[in-house]
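**Student:** So Swiss-Prot has the following annotated:
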type	residues	note
BINDING	Asn66, Met95, Tyr124, His163, Ser185, Arg186, Gly187, Asp226, Gly227, Met228, Arg229, Glu265, Phe292	substrate binding site
BINDING	His269, His333	Zn(2+) binding site
BINDING	Cys408, Cys411, Cys415	[4Fe-4S] cluster binding site
Amino acid sequence: MTQMEIAQKGTSSEEMKRVAEYEEMNLEVIRQKLAYGKAVLPKNKLHKIEKPMIVGEGFTVKVNANIGTSQAFFSLEEEKEKARVAIEYGADSLMVLSTWGDLKEIRKAIIDLSAVPVGSVPIYDSAMKSYQLKKNVVDFSEKDFLNMVISHAEDGIDFMTIHAGITKKVLEHVKNSGRILKVVSRGGAIIAGWMIKNNKENPFYEYFDELLDIAKDYDITLSLGDGMRPGTVLDASDVQQFEELFVMRELVEKAREKGVQVMLEGPGHIPLNEVELNVKLMKKIGEDAPIFLLGPLPTDRAMGYDHIACAIGGALAGYYGADFLCYVTPSEHISLPTIEDVREGVIASKIAAAIADLARGNRKAWWLEKQMALSRKNFNWEEMFKLSLGKDLARKKYKERPYLHEGCSMCGPFCAIKIVEEFF
């Protein structure tokens, strides 16, 4: 049985008990959210996860970190270190998005070392093999679509991005639209190219029932990819974006009927004033399925600092109901991220998630804020560093410009806390 089916029967899995403890929430609430599809607990039956996560309505906002090779840089050891760093700094899940090298070896290595759920995009494997053999990323057969899904499932992948919402009708409309950047989703572009080249329907959409059978066998959580997500704020919230979302609604209903866990992926580049609209429409149209957002980025002009733009958009999106934030690194739109980029990206998105949790009234989030406030009041620097989401940088800054007395080198004897302590 899948986690959803277990919950529907009124029983609890070991993973449910563990996330209930982490979330400090009643187990019955966990079961209800999973049973109705308002939450997902990604956990392949073949993957032992030390730190399972629950994503959805009423739970803490989660953060995903993307790692993976490219044609220019494909070091397995570097990707393994990225995975370790991402987990160390609080990533709740990883996605292995490699497009070069021995993809199966890389994927299995990350799954083996990961204490958190691991996701993937199976279509990348088909595209890479096609490019290596024929120098064309879309020259593969319909069978390759499902075969790659099976391969990833057998390796232990917990959740998969499947771009099943791009139908021939959706694709025709985007081709004739006024969009500046027609398709910026890599997986979405590969599938769109395949559909145009072969003049056929999207196999992920056409064979979605078969896909559900595979997902159910392994308890894979399907993450319905938004192939039509906007790649610039100028294309945000357009007809094409929401047309695909209505197709995804249909697929959510099918998945739930089958007992398969499912969530929706979302944009993308969205101006700040449209974040609330996008999140609430995704929840409404998607029948309260969990929402997994890339960013969102409220400006296109933050190159080199996109992780900061991402944190701004992510905090607001989380407040309005987004459940799962995919981090963005300083290398976004520029290059393959380094290990340091991964660290910075995770910290930025964890800050966004913490801000959202606080604004949503999460008790655990408020308790942590109280501990930080008390630590500051008592000049307990070690405790402050432990509570900080950027603990290493905080400690480094403190040591670089020390103050020999209580307080810090910013205020010295003019410290407001010390003055109040003495005279109040």
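The backbone N, Cα and C atoms fix where each Cβ goes, glycine too.
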**Student:** Here's one to test understanding: among the binding-site residues His333, Cys411, Cys415, whose C-alpha is closest in space to the C-alpha of Tyr124 (substrate binding site)?
**Tutor:** His333
**Student:** So which one is it: of the binding-site residues Gly187, Gly227, which has the fewest other Cβ atoms within 10 Å?
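**Tutor:** Counting other Cβ atoms within 10 Å of each of the binding-site residues Gly187, Gly227 gives the minimum at Gly187.
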**Student:** What does the structure give for the C-alpha distance between His333 (Zn(2+) binding site) and Gly187 (substrate binding site)? Integer Å is fine.
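**Tutor:** Distance (Cα to Cα, whole Å): 16 Å.
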**Student:** Name the one residue among His269, Cys408, Cys411, Cys415 whose Cα is closest in three-dimensional space to that of Ser185 (substrate binding site); these are the binding-site residues.
**Tutor:** His269
**Student:** Specify the count of other C-beta atoms within 10 Å of the C-beta of Cys411 ([4Fe-4S] cluster binding site).
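**Tutor:** I count 13 other Cβ atoms within 10 Å of it.
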**Student:** Could you list the residues of the same chain, at least six apart in sequence, whose Cβ is under 8 A from the Cβ of Arg229 (substrate binding site)?
**Tutor:** Val184, Ser185, Gly188, Gln241, Glu265, Gly266, Pro267, Gly268, His269, Leu294
**Student:** Which are the residues of the chain, Cys408, Cys411, Cys415 excluded, whose CB is within 8 A of where the CB atoms of the [4Fe-4S] cluster site average out, their centroid?
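**Tutor:** Other same-chain residues near the [4Fe-4S] cluster site: Tyr403, Gly407, Ser409, Met410, Gly412, Phe414, Ala416, Ile417, Lys418.
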**Student:** By a 10 A CB contact count over all chains shown, which of the binding-site residues listed here is most packed: His269, His333?
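**Tutor:** Ranked by Cβ atoms within 10 Å, first place goes to His269.
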**Student:** For Tyr124 (substrate binding site), what is the tally of other C-beta atoms lying within 10 angstroms of its C-beta?
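**Tutor:** Around the Cβ of Tyr124 (substrate binding site), 23 other Cβ atoms lie within 10 Å.
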**Student:** To the nearest whole angstrom, state the Cα distance for the pair Cys411 ([4Fe-4S] cluster binding site) and Asn66 (substrate binding site).
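**Tutor:** Here the two Cα atoms are 40 Å apart.
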